[in-house]
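Asker: Okay, so TrEMBL annotates it like this:
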TRANSMEM  B:12-33  transmembrane segment
TRANSMEM  B:39-59  transmembrane segment
TRANSMEM  B:66-87  transmembrane segment
TRANSMEM  B:93-113  transmembrane segment
TRANSMEM  B:120-142  transmembrane segment
TRANSMEM  B:166-184  transmembrane segment
TRANSMEM  B:217-235  transmembrane segment
TRANSMEM  B:241-262  transmembrane segment
TRANSMEM  B:269-289  transmembrane segment
TRANSMEM  B:295-314  transmembrane segment
């Protein structure tokens, strides 16, 4: 029996391969006894720890079992994620909940899965792709829009030369945040600088701080910085203080941590863009449950961000972060 | 002159001087050579250097340690969760972090010595085990993989004191380098290290306790990595399971640039120190130039290639002279 099932899957997959590009193979149905597999981000990032918390709580609320699949080594994510997704598909799942972080490698696989009749729900990344690849929906935020909003805020506050600092070059999702920031700044007539750092130093706060000190020294006109994660945000504040320009450079960031929130509270950090990662996990689970049980799902994508956290709402966010560890970001 | 050229560190010293002058010229006016700019690259080099010195000694004895990366993160999380989540005294958590780092080293050492497997693989496995374990346990305890740190002022001073922009880590680096230099060049243990890496069988025959030498060196890399984890956690007021992951290969890179032979038996602490300083200058200097920073890793790769080639040549010269 097991063998037959395996052969069946292989046949379906190869049919998907052959049919891709020409006409789609007739819709098959997914294995109702298969697992629900979540392919999402690395849990070492506080952000995805919150996404996972949402998945866990959603699964408990709706009585669902699921497996969370992610990389632990973040050095080769562009090639690791398509591989993880391929493995998830070959396990004959009942449903796939996927963060489409690397579309070039992942989109053909998602098409393969949807052609084989596996329901796919996209979360976090892939807002522009889900309607084309046969997925049932999307929960998350367009990274370009997040960056765009950050650029709008800084331009409105009078920033004339903005730095977008990318600690993970080569990740298209993260790069899109900088693209959005740069687009908004340029539309407002401000100049921008885009800088990156080697991936080995992405989690070394000292290397990040020294790099940004150097950039600030080489470009004395910089009066705004946008960082893409909580760790480089704290390094940016250190760099601004290193070069003695506290209060002259407006620093904003994507994503939260306790340090980030405290820095917003005492005015050193202007804002943090929150995607509400917990909601991405929880609402994905809710949609999965309703889809599998009743065939219901929202029409159009579900937006979870960006929520701008600044001095106006930081108190409440900190409160929640301390009371409910892991829901809003880091402890 | 011939004697000078045969010193293992000469390549690293020359490369450091050339690279430093290169960046002095290229960054003129941007403050790279100012006191603050110098403190900047020294801060970066110091944290890496505290790990790189014991890693250098270990590599001279013929072994690798790739688990240092996740040991840094583990130590930072032990301190963070212990002080912030459990409210335990900071000194005891620092001690626990260092002991845990030493424990990872001990486990690596025993595994390598007992099984005879290549340490490259053993410690690479340990690297994944430690980061996975750190994340799993942190999530079980507090449902996080990064956390704030709560430490007293004396601890802050000892691990994160600043004079203008120079961190106390630079002094720690100097201390570790001095101890490493003394051990390798002045103590009998140092000649055991060279003998172990040069030819372990011959060393055993001559009565060198090869296994004990290796295990002690593995423990020292683990403790040093944990020490850097404590420094980073106190300095940035936050522990993170992924701190230090860049060191996994950065430490062996600076050791090799510093003139240590990848196969062991050859190298000096002075070379490793200059290799680390060179790494600090490149990693920081390029940002002062205002160039596109996508190039920084190309620079490092090219430098590593040149360094390995130069070191082989220097060693050949040295052996010819005998």
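Every residue, even glycine, has its Cβ placed from backbone N, Cα and C.
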Asker: Should the transmembrane segment (B:269-289) and the transmembrane segment (B:39-59) be scored as in contact, given a threshold of at least 3 Cβ pairs under 8 Å and pairs 6 or more apart?
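Answerer: Between the transmembrane segment (B:269-289) and the transmembrane segment (B:39-59), contact is present.
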Asker: Near the transmembrane segment (B:12-33), which same-chain residues lie under 8 Å Cβ to Cβ, leaving out any that are not at least 6 residues past its ends?
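Answerer: Contacts with the transmembrane segment (B:12-33): 41, 257-259, 270-272, 274-275, 277-278, 281-282, 284-286, 288-290, 303, 306-307, 310.
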Asker: Are the transmembrane segment (B:120-142) and the transmembrane segment (B:66-87) close, by which I mean at least 3 Cβ pairs under 8 Å that are 6+ residues apart in sequence?
Answerer: yes
Asker: Pairs of Cβ atoms less than 8 Å apart decide it: which stretch in B:39-59, B:166-184, B:241-262 has the most with the transmembrane segment (B:66-87)?
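Answerer: Comparing B:39-59, B:166-184, B:241-262 against the transmembrane segment (B:66-87), the winner is B:241-262.
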Asker: Under an 8 Å Cβ to Cβ limit, what residues of the same chain, 6 or more beyond the ends of the transmembrane segment (B:241-262), are close to it?
Answerer: 8-12, 15, 48-49, 51-52, 55-56, 59-60, 64, 66, 68-74, 76-77, 127, 131, 134-135, 138, 145-146, 197, 225, 228-229, 232-233, 268, 271-276, 278-279, 300, 303-304, 307-308, 311, 314-315
